[in-house]
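Trainee: Got a structure for you, written out below as structure tokens; questions coming shortly.
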Amino acid sequence: MHPILRTFRRELHAFPELGFKETQTQSRVKQFLMEHAKIPEGSIRPCATTGLVVDIESSSSVPSISSNNVTCIAFRADMDGLPMTENNPHLPYRSQNAQCAHMCGHDGHMATLAGVAMVLYPRRHLLPQGTVVRLLFQPAEEGPGGAVPMIEGGCLDCVDEVYGSTTMEFSISITGKGGHGSAPHLCVDPIIVATQIVIALQTIVSRSLSPYASAVVSVTTLHAGETSNVIPSTATLGGTMRDFDPAVAATLRRRMETIVHDTCHMHGAVGTVTLVESYPTVINAPLQTQVVQQVAATVRAVVSEDGLPMMAAEDFAYYLDQRPGCFFFLGTKQAQTEQGRDLHSDSYDFNDDVLPLGVRMFVGLVEHRFACSIVASEPEWTALFG
């Protein structure tokens with residue numbers, strides 16, 4: 001089973017697609033589920049245009065012995081790649097699609113849920129009567145956001161709990177007065193204005209917020225000019241602001257607008273700030289978080305809360321706004337290799353050795369919440385992934 005999942009993951013890696021354009025990815029996932037997990041086509045339906053909802057229903061007549069009244073749990077995998085170029089020329093399965101790459105592990109997430117389907121569907125008779133495991137293959141997590149369209153498409157209907165394994169953007173436009181590079185005194189140089197704004201923005205967190213507040217302001221793009229002997233008339237900055245508190249967010253917004261306005265005014269330029277609300281904060285439900293920790297212990301995984309809370313954004317938050325659940329990270333780093341690189345690095349690659357652990361985690365959650373036994377012993381797991 002492991003070689004099959006590894007091959008599938010690498011196929012997905014080689015042909016990434018951007019948000020809401022995952023048509024081939026959708027087709028590949030559906031074909032894999034039908035061929036290798038033997039899931040009938042009638043149990044797989046499209047959702048949010050390029051996503052999929054897959055139901056694995058119990059075929060048992062044995063009632064549940066669980067006392068938690070949970071009859072349907074959902075697991076989510078994201079599908080989209082990032083708009084960037086992969087820098088792994090030595091990998092035979094490197095991205096074949098220009099300006100698109102799986103640099104955030106979504107290929108591994110899909111392969112993991114495909115493995116869950118391969119384990120569960122042939123053993124659906126072991127699920128208690130009336131229970132359902134729903135697999136959500138969601139498009140556009142990286143943007144513009146696929147969770148809301150999935151929810152609007154009914155992916156959470158009848159779902160009791162949801163589990164997933166895994167901001168505010170700003171744009172600043174500066175308008176000055178362009179001219180020849182030899183006569184800067186006749187110009188209003190937007191590049192000078194932009195660089196001063198970048199420096200001043202770094203004082204928002206350090207000087208405008210309490211030391212006990214958590215926030216990040218990162219300028220990640222600066223575009224200006226087309227040739228070396230012309231001072232341009234415009235410059236644009238872009239980046240992200242992140243926090244956990246609406247009051248902090250209001251301070252970030254107010255200070256950014258003040259800095260841009262005053263700096264531009266000082267130089268005789270005009271500046272505008274555009275803020276785009278992104279995903280809300282991911283807040284796990286306490287009970288479901290405890291369940292994940294308990295299941296992790298049973299599969300001999302090390303549970304860690306180091307580095308939490310995190311500033312990373314995730315549209316899994318929309319699922320948690322509708323249903324109790326838990327978003328957790330599965331450690332995949334392998335030192336001194338592509339698998340040891342950070343997410344969103346242009347040389348990252350998912351660690352295929354972790355696929356069996358990911359499958360065991362999700363199957364373990366099924367066993368815990370439905371009070372049943374799907375894979376009864378360690379030798380059986382070894383046989384599955386040997």
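Just so you know, glycine gets a Cβ as well, placed from its N, Cα and C.
Keep in mind that TrEMBL annotations are predicted by a computer and have not been checked by a curator.
Found this in TrEMBL, in case it helps:
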| type | residues | note |
| --- | --- | --- |
| BINDING | C104, H106, E142, H344 | Mn(2+) binding site |
| DOMAIN | 168-261 | domain 'Peptidase M20 dimerisation' |
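A description of the local structural setting of each listed feature is requested, covering burial, neighbours and distances.
Mentor: Within 10 Å of the C-beta of H106 (Mn(2+) binding site) we count 27 further C-beta atoms, all protein chains included.
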Trainee: Other residues near the Mn(2+) site, CB within 8 A of the CB centroid of C104, H106, E142, H344?
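Mentor: Near the Mn(2+) site, the remaining chain residues are D78, D80, G81, L82, H102, M103, G105, E141, L343.
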Trainee: Around the Cβ of H344 (Mn(2+) binding site), how many other Cβ atoms lie within 10 Å? Please give the count over every shown protein chain.
Mentor: 14
Trainee: Which residues, sitting 6 or more apart from E142 (Mn(2+) binding site) on the same chain, put a CB under 8 Å from its CB?
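Mentor: L18, G19, D78, D80, G81, L82, P83, C104 - these are the non-local Cβ neighbours of E142 (Mn(2+) binding site), listed in sequence order.
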